[in-house]
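Participant: Quick one: the structure is below, questions incoming.
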Amino acid sequence: MMKIEAIIREERLGHVKRALEEKGFVAMTVTRVLGRGEQKGIRLQYRGGSIEVDMLPKLKIEMFVRDEDVETVMRTVCDSARTGRFGDGRIFVMPVTISGKVRTGEVEGKLP
Amino acid sequence: MAIDTGDTAWIMISAALVMLMTPGVGLFYGGLVRSKSVISMISLSILAISLASIQWVLIGYSISFGHDMMGLIGGLDFIFMRNVGMNEAPLAESVPHLAYMMFQLVFAAVTLAILTSAVAERIKLSSFIVLSILWTTLVYDPLAHWVWAGGWLASLGALDFAGGTVVHISSGFSALAIALVIGKRVGFDSYVLEPHNIPMAMIGAALLWFGWFGFNAGSALTAGGLAASAFVVTNTSAAAGALAWLLGSWLRGKPSALGMVSGAIAGLVAITPAAGYVDAMSALLIGAFAGLICYSALLFRVSIGLDESLDAWAVHGVGGLWGALATGIFANPAVNTYTGLIYGNTGQFTAQVVAVLASVAYAFVISYVLARLVDATIGLRVTEDEEYVGLDIAVHGEKAYA
């Protein structure tokens with residue numbers, strides 16, 4: 001099982017949710033975050049100088065998916081979150097060893 | 001006639017009530033935009049008061065209410081507040097001229113604030129300042145003269161008690177024209193631009209309702225029976241508008257809170273021109289129809305993909321249009337001598353139709369030209385990056401919420 005963390009533009013959430021849902025991936029957790037990428041935010045030019053808007057609001061989507069679904073989910077998120085401009089975000093995938101369902105107490109994976 | 005202390009007190013209180021409507025517009029609009037532009041939205045309203053106040057005492061009052069020149073514009077007899085003093089006002093002899101001037105000033109301010117709907121979240125502040133001064137001088141002031149100060153629409157017999165044509169049709173249809181020039185917000189077609197704080201919008205709407213008592217009942221210009229009548233019809237129409245829109249939204253899904261307060265504003269807009277001429281039962285109909293008509297106008301505006309962002313056109317323009325016509329339909333001679341269509345007077349209705357057509361055409365065309373002019377010279381719109389970051393930080397360097 002893998003955890004997918006995607007940092008995306010706030011305004012793309014509707015597209016991403018819809019695209020994932022069409023492929024059968026519904027469960028997700030969304031958090032409002034602030035961040036900056038390699039371009040260090042946005043620099044706005046004025047006649048008198050410039051101001052740096054460093055930390056831009058983004059959304060972080062967290063999903064837990066089976067190993068064989070990772071590629072589909074990654075592609076779907078990329079395609080639906082993309083605007084083609086700087087600041088579109090990043091996706092991270094990391095292994096999850098154990099997960100449990102609160103309602104049932106059911107555990108997936110081997111407890112140590 | 002001598003100055004009356006009761007009338008004077010009422011006019012000054014009314015002016016103060018109307019002043020509160022402008023930040024009310026700011027909060028209403030501020031709640032409807034995204035959190036990154038709320039400071040900008042409220043600021044535009046406060047800026048509207050500031051700009052209109054200075055323009056009004058320098059030249060606006062004079063060209064609106066100065067001596068009539070060919071029915072089109074006022075003369076310069078009151079420029080820089082010359083000849084405006086503590087003696088009787090020419091058009092309201094029981095109150096000081098200064099108090100009357102101030103009462104009219106707050107109308108100009110709130111009208112300008114309503115107009116900010118069209119440019120929400122994307123206008124350059126400098127361009128707004130230039131456009132505002134041009135607009136209030138070339139659109140609002142002439143219209144105020146035509147209707148209230150012996151201009152050609154007044155000579156024609158058109159009725160506008162508290163500003164259906166001058167305030168609401170003019171701001172609503174001007175907003176439509178300016179929205180067409182400035183263009184849609186980035187992302188308007190592809191994602192939902194949700195209101196960020198509906199309670200804030202409801203507080204703004206409540207302040208509008210409160211201030212509107214000064215707007216309409218104050219327009220009686222005396223503290224007497226006519227003011228009381230205007231007070232009652234104003235409240236009745238607002239309440240009917242709120243319930244009608246609430247019901248309309250309920251039929252389409254859920255009873256929307258934002259719809260309810262929008263309906264109240266629609267009811268207030270529609271009763272404005274009629275406030276001194278109709279009875280409470282007519283006000284009930286005027287308000288209820290306003291709620292439904294303005295809601296339909298909003299749905300139509302959304303369906304054609306037009307980003308007149310905060311619906312000055314649908315609520316103020318269309319509501320004002322309906323109210324101006326309704327004045328010609330429901331005017332009751334028992335209230336204030338004027339007779340409408342339902343009492344058999346077609347002449348009054350015709351005069352209202354002419355006033356509506358003239359004010360719609362004038363406001364739309366001149367505003368379109370002014371917006372094009374500002375766009376072609378200094379540019380109306382912020383850059384795409386500034387719009388993305390939000391005007392609060394990009395323009396003011398301030399954030400609404402930590």
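Cβ from N, Cα, C; glycine included.
Keep in mind that TrEMBL annotations are predicted by a computer and have not been checked by a curator.
When I checked TrEMBL for this same protein, it listed these features:
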| type | residues | note |
| --- | --- | --- |
| DOMAIN | B:9-401 | domain 'Ammonium transporter AmtB-like' |
| TRANSMEM | B:12-32 | transmembrane segment |
| TRANSMEM | B:44-63 | transmembrane segment |
| TRANSMEM | B:98-116 | transmembrane segment |
| TRANSMEM | B:128-149 | transmembrane segment |
| TRANSMEM | B:161-183 | transmembrane segment |
| TRANSMEM | B:195-215 | transmembrane segment |
| TRANSMEM | B:221-245 | transmembrane segment |
| TRANSMEM | B:257-275 | transmembrane segment |
| TRANSMEM | B:281-300 | transmembrane segment |
| TRANSMEM | B:312-331 | transmembrane segment |
| TRANSMEM | B:351-371 | transmembrane segment |
Participant: In the same chain, which residue numbers or ranges, 6 or more beyond the ends of the transmembrane segment (B:257-275), come under 8 angstroms Cβ to Cβ?
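Facilitator: Distant contacts of the transmembrane segment (B:257-275): 28, 32, 159-165, 167-168, 195, 198, 201-202, 205-206, 208-209, 212, 215-217, 219, 230, 233-234, 236-246, 248-249, 282-283, 286-291, 293-295, 298, 311, 315-316, 319-320, 322-324, 326-327, 330-331.
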Participant: Six or more residues out from either end of the transmembrane segment (B:161-183), which same-chain residues have a Cβ under 8 Å from its Cβ atoms?
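Facilitator: For the transmembrane segment (B:161-183), the nonlocal Cβ contacts are 107, 110-112, 114-115, 117-119, 122-123, 131, 135, 139-140, 143-144, 147-148, 153, 215-216, 218-219, 230, 269-270, 272-277, 306-309, 312-321, 323-324, 327, 355-356, 359-360, 362-368, 371-372, 375, 380-381.
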Participant: Which whole-number mean pLDDT does the model give the domain 'Ammonium transporter AmtB-like' (B:9-401)?
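Facilitator: Result for the domain 'Ammonium transporter AmtB-like' (B:9-401): average pLDDT 96.
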